[in-house]
Amino acid sequence: MEYLLQVKLGCLFGLLLLTLLFGLVPSRVKCFREGLERGECRPEAHQRWISFISCLAGGVFLAACLLDIIPDFLNDMKEEMINQQIKTDFPLPEFILGTGFLIVLIVERIVLDCSETMSEETTPLLSGGSNSPARQEQPHGHSHSHSGHHNDVEHRRHHFHVDFHAHSSFRSFILLLSLSLHSIFEGIAIGLQNVQSEVLQIAIAILIHKSIIAVSLSLLLLQSSVQTRWFVLSIVMFALMSPLGIGIGIGVMHNQTDGNRMVQCVLEGLAAGTFVYITFLEILPHELNSNKWRLPKVIFILLGFSGMAALRFLG
């Protein structure tokens, strides 16, 4: 158990430092700053590789979700229900998992609705590749829902593909809150694991995911022209959220009573629901619904999934 704690603490500090690195570096890199000045934050070559890395992250998340997090949660929950002598025909574990999914969905919808209502900008806050209304001749992406604009169809997408034309400070702050919620539950998923290999697999998935988000968030904040201190504070706050979640998970695990064990299982389920949401409503749909680089994207998804499946198989 002591070694497992060391692994979790290593993941905690690794996530913190790498998120800070990926979040702060774009503000100092010349090509990013010149791109911002020209209004070309994501040239085609950069967009292609970001998309491929996203697909790799999608495959990793898919494997972590289906092979680790959900099976472990269902087993732990059913064992705890037996220990607590809870007998019911209601599918309680699946209900908790679905609740975690819906919490993230509802919060994100509220956040997006508030940001669009309180801002005069009509451009979607989050996008990823084609026909941005703010600049029709330049591709900027997809977002979650479908709407017509000059007879073009937009595919709105998920939170780490940022629309650089929707750059008010308020919307940047709202986005930061939404990302922070995701990060806390991702960290909890690491903190609640009791097997070293599973800790590492989930940490790898989150690390790839957060690295992409950190770069995108950094570029959005730079485009918003926020003061330097607020830029640094925002990145630091975002970087601290996953370690905070890991700390919560570790605290729950190391103070186990009968009641705490059930709390741990519930938190596991909520975190699992978050992973389902990120995997199936954000990463994979965004990349697979785009008509660019279809076959390479599938290959990168397979690489991510196969790598994690191999780690799981080898124990």
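All positions are counted from 1 along the displayed chain.
Positions of Cβ are set from backbone N, Cα and C atoms, glycine also.
Computed from a predicted structure; not experimentally measured.
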Labelled transmembrane segment by TrEMBL, one stretch among 3-26, 51-74. Can you tell me which?
51-74
Contact between the transmembrane segment (95-112) and the transmembrane segment (295-314) (at least 3 Cβ pairs under 8 Å, separation 6+):
no
Ranking 51-74, 199-224, 265-283 by the number of C-beta pairs under 8 Å to the transmembrane segment (295-314), which range is first?
51-74
Sequence-remote contacts (6 or more beyond its ends) of the transmembrane segment (230-253), Cβ cut-off under 8 Å?
5, 8, 11-13, 15-16, 19-20, 23-24, 27, 172-173, 176, 179-180, 183-194, 206, 210, 213-214, 217-218, 221-222, 260, 263-264, 267
Chain residues in Cβ proximity to the transmembrane segment (265-283) (below 8 Å; excluding those fewer than six residues from its ends, i.e. six or more beyond):
54-55, 57-58, 61-62, 64-65, 69-70, 72-73, 76-77, 80, 93, 96-105, 157-160, 182, 185-186, 188-189, 192, 209, 248-249, 252
